[in-house]
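In what follows, a structure is listed as structure tokens, so that the remarks can point back to it.
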Amino acid sequence: MALSAEGSSGGSRGGSPKAEAASVPSWPQILGRLTDNRDLARGQAAWAMDQIMTGNARPAQIAAFAVAMTMKAPTADEVGELAGVMLSHAHPLPADTVPDDAVDVVGTGGDGVNTVNLSTMAAIVVAAAGVPVVKHGNRAASSLSGGADTLEALGVRIDLGPDLVARSLAEVGIGFCFAPRFHPSYRHAAAVRREIGVPTVFNLLGPLTNPARPRAGLIGCAFADLAEVMAGVFAARRSSVLVVHGDDGLDELTTTTTSTIWRVAAGSVDKLTFDPAGFGFARAQLDQLAGGDAQANAAAVRAVLGGARGPVRDAVVLNAAGAIVAHAGLSSRAEWLPAWEEGLRRASAAIDTGAAEQLLARWVRFGRQI
């Protein structure tokens, strides 16, 4: 068997905070609770994030909030409030332009391993398999090349606004929401986050704030202790999502060892151990997945989509299949193991038939013609 259950939960980790008398939130009140290792009262995280997004929080307050919440350990309710406020300030895609079954393939980053851009390659493969993909991403924060950097090196336009991303999704089957373009109000937190230089609760927000709001996805989390928190946020949204953490530390499904999956469906979370060997994947070495700068990673994309075999292709197929499984989970009729078998078949076929390579060419051409 490739999968074994380890437990389940119904969403938010850490329980509900104690009720407290209604009062106007303030930074001393919120920071005091966090430094006292207490969960925030309902609405306090939302207030803090709104202060940050509107430019009313000072850098010291932003930094103190991010670090204190991280040290306390955030709950799904708190992170859900942060993400909800961030989405309320985002530029949305036009109404009725995102298919109900669209998926995202994205990770938190921050695993410190600097692999090739597996989620970016997987997203292209998933779209070529016929699943609409609206990917949210950014430039590199700690690695040599983020998803946006690699797409740009491939010739994909990463700077498109909501209307053109919607057109790309409709005409090509995939669209890319460049985080700074869609979340301009986040610039206040982004600068502080760079200066802090260590992972905080803000690292969780990218995968939770896709402005297209897809209902399904494969979401990588580099932080094993926070993956369940992310899963709880998706459960509250009743999304069909696989939150994944490679047991080697990757924010992807890994082929070097087992991965842990938090399967989100129908508002609940199940924790599973996933072994790709159960589906015939050979064990890889981590250095076989190593990436480089944007040009090197773009070359790796072209090689895999062009049919090159080996550990990188295996990891891409595995992650693309995971996204297809999450997509299948939108149907109450989906069965877990058959969905994996079908996902792996479709992902492999998308590469082997040339469909993924052709989709990338169409995506590049779309950007040149607009």
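Including glycine, each Cβ sits where the backbone N, Cα and C put it.
Among the features that Swiss-Prot reports, region 'Disordered' is placed at 1-27.
According to Swiss-Prot, the N-acetylalanine annotation covers Ala2, on the basis of a large-scale study or a structure entry.
Sequence-distant neighbours of Asn138 (anthranilate 1 binding site) (same chain, 6+ residues apart, CB-CB distance under 8 A): Gly146, Gly147, Ala148, Phe178, Ala179, Pro180, Gly206. Under the three-state DSSP scheme, Asn138 (anthranilate 1 binding site) falls in the coil class. The feature anthranilate 1 binding site is assigned by Swiss-Prot to Gly107, Asn138.
Marked as 5-phospho-alpha-D-ribose 1-diphosphate binding site by Swiss-Prot: Gly107, 110-111, Thr115, 117-120, 135-143, Gly147.
Around the Cβ of Ser119 (5-phospho-alpha-D-ribose 1-diphosphate binding site), the number of neighbouring Cβ atoms within 10 Å comes to 27. DSSP assigns Ser119 (5-phospho-alpha-D-ribose 1-diphosphate binding site) to a helix in the three-state reduction. Per Swiss-Prot, Mg(2+) 1 binding site is recorded for Ser119, Glu252.
Swiss-Prot lists Arg193 with the feature anthranilate 2 binding site. Of all Cβ atoms in the protein chains displayed, 20 besides its own lie within 10 Å of the Cβ of Arg193 (anthranilate 2 binding site). Look at Arg193 (anthranilate 2 binding site): DSSP puts it in a helix.
Per Swiss-Prot, Mg(2+) 2 binding site is recorded for Asp251, Glu252. All protein chains shown were included, and the count of other CB atoms within 10 Å of the CB of Asp251 (Mg(2+) 2 binding site) stands at 28. In the three-state DSSP reading, Asp251 (Mg(2+) 2 binding site) counts as coil.
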Students should find that the Cα atoms of Ser119 (5-phospho-alpha-D-ribose 1-diphosphate binding site) and Gly107 (anthranilate 1 binding site) sit apart, in Å rounded to an integer, by 7
Neighbouring CB atoms within 10 angstroms of the CB of Gly107 (anthranilate 1 binding site), all protein chains considered, total 25
So for Glu252 (Mg(2+) 1 binding site), how many other CB atoms are inside 10 Å of its CB?
-> 29
Arg193 (anthranilate 2 binding site) sits from Thr115 (5-phospho-alpha-D-ribose 1-diphosphate binding site) (Cα to Cα, rounded, in Å) at a distance of 22
